[in-house]
Amino acid sequence: MKGDQELQVIVQQAKEPIPTDQDEKSSVSGSQTKVSHSTYKRWLRMAVYTFFVISGQSVATILGRLYYDNGGNSKWLATVVQVVGFPILLPYYLLSVKTHTTTHRDGKITSLRNRALVYIVLGLLVVAACYLYSIGLLYLPVSTLSLICASQLAFTAFFSYLLNSQKLTPIILNSLFLLTISSTLLAFNSEESNSKKVTKEEYVKGFICTVGASAGFGLLLSLQQLAFRKVLKKQTFSEVMDLIIYMSLVASCVSVVGLFASSEWKTLSNEMENYKLGKVSYVMNLVWTAVTWQVFSIGGTGLIFELSSLFSNAISALGLPVVPILAVIIFHDKMNGLKVISMILAIWGFISYVYQQYLDEKNLKKSHGITTSETPDPPEAEGSSGQSKYADMSIDGVQQFTD
């Protein structure tokens, strides 16, 4: 009886098809096709998000300047429209949450008190930075403002060094030096805004406030990274979107309180009546300013998940040459020699910064290539760069298999 069972097992094994080299090649070819297709889709998403960041930031800045040039004078209202459009993100959140699902769960659950504290602190920082930015936009030409805002990269690297233990490589130090010199040069620029007479004191005030806003946004990004690592413990899509939405909610409430506490709300009706382009243009300017800032937020959030938060910040600086060029065309800002030198130094500093990120990403790929060869089952994706990591690892795995 035992011999009959063994004979049946042998016959069944003989009937099973033996995989051939052609089957293996077709399987590998199918895997490569899937990886290639997902890579193309990922690059397309990155291109769309990059367009959102650059266009949203540029258009919002131009609209903000139009508001001031045509009779607007409320700094708190200019602050409100920068943060109050966050409900536009809710449909994007609901539609995208399915495509960013993750099975990762952290054993430690963040307490509601700590989570609320993170949202409140970061929301207050957003209000402060946006208010300083509004003051800078009131007193400085758009081209000057955008060049000073390039210093945000330097502040981000500096605060990341202090709070997140980021290494300051020679390339990063070169970037910090160039961006610092680029902004410092503009302090000696005696240019006036073409539409408004700006005194020297107001120019200095606008310069200091813009540098303060850049420092605030750089600190904000570093604190977000610290909060994800120390408090929230994970950086999933839902966590990032919750942070952005609740942080914007806090910022909106505080900025509205500031609008009423400063009594600027009393002048809004008169401001609308005397707006040079008319009441409809006044309302549309405010609405589209809020919308374009949220388009910028959508693009920035998307880039955080496709690559990293630092790359998202670098792409926002990529719009550096766009705003001054638009300002020259629309507002007839003067591009004197000092501004040209400042722009060249800022672009040079930006390229140095991006090159360092490229080197870091390249080293990260190499280290993960070693990890995947040692461990067959990689851990669940987590964090802003998780998707890019596993896309790269899957490509490396296919290449090793084919070799």
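Glycine too: its Cβ is placed from the backbone N, Cα and C atoms.
Per TrEMBL, region 'Disordered' is recorded for 368-403.
Here TrEMBL flags 46-68 (among others) as transmembrane segment.
Sequence annotations record features per position, and here TrEMBL assigns transmembrane segment to 74-95 (among others). Distant neighbours of the transmembrane segment (74-95): 60, 64, 67-68, 126-127, 130-131, 133-135, 137-138, 241, 244-245, 248-249, 251-252, 255-256, 258-259, 262, 264, 267-268, 271, 286, 289-291, 293-294, 297-298, 301; these residues of the same chain sit at least 6 beyond its ends, with a Cβ under 8 Å from one of its Cβ atoms.
Among the features that TrEMBL reports, transmembrane segment is placed at 116-139 (among others).
Remote same-chain partners of the transmembrane segment (171-188), defined as residues 6 or more beyond its termini with a Cβ less than 8 Å from a stretch Cβ, comprise 144, 147-148, 150-151, 153-154, 157-158, 204, 207, 211, 214, 338-339, 341-343, 345-346, 348-350, 352-353, 355-356, 359. Here TrEMBL flags 171-188 (among others) as transmembrane segment.
Per TrEMBL, transmembrane segment is recorded for 203-223 (among others). Packing against the transmembrane segment (203-223) from elsewhere in the chain are residues 121-122, 125-126, 128-130, 132-133, 135-140, 145, 148-160, 162-164, 183, 186-187, 190, 192, 309-310, 313: each is 6 or more residues past its ends and has a CB under 8 Å from a CB in it.
Outside the transmembrane segment (243-262), and at least 6 residues removed from its termini, the chain residues within Cβ reach (under 8 Å) are 74, 76-77, 79-80, 83-84, 86, 89-90, 93, 118-120, 122-124, 126-127, 130-131, 224, 227, 232, 297, 301. Sequence annotations record features per position, and here TrEMBL assigns transmembrane segment to 243-262 (among others).
The transmembrane segment annotation in TrEMBL covers 282-305 (among others). Same-chain residues lying 6 or more positions outside the transmembrane segment (282-305) and placing a CB less than 8 Å from one of its CB atoms are 45-46, 48-57, 59-60, 63-64, 66-67, 72, 77, 81-86, 88-89, 92, 100, 237, 240-241, 244, 271-272, 275, 311-312, 315-316, 384, 387.
Annotation comment: TrEMBL describes 310-331 (among others) as transmembrane segment.
Per TrEMBL, the feature transmembrane segment maps to 337-355 (among others).
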### Message
Short question: most Cβ pairs under 8 Å with the transmembrane segment (310-331), which of 46-68, 116-139, 337-355?
### Response
46-68
### Task
Could you tell me what the rest of the chain brings near the transmembrane segment (337-355), counting residues at least six beyond its ends with Cβ under 8 Å?
143-144, 147, 150, 153-154, 157, 171-172, 174-179, 181-183, 185-186, 188-189, 314, 317-318, 320-321, 324
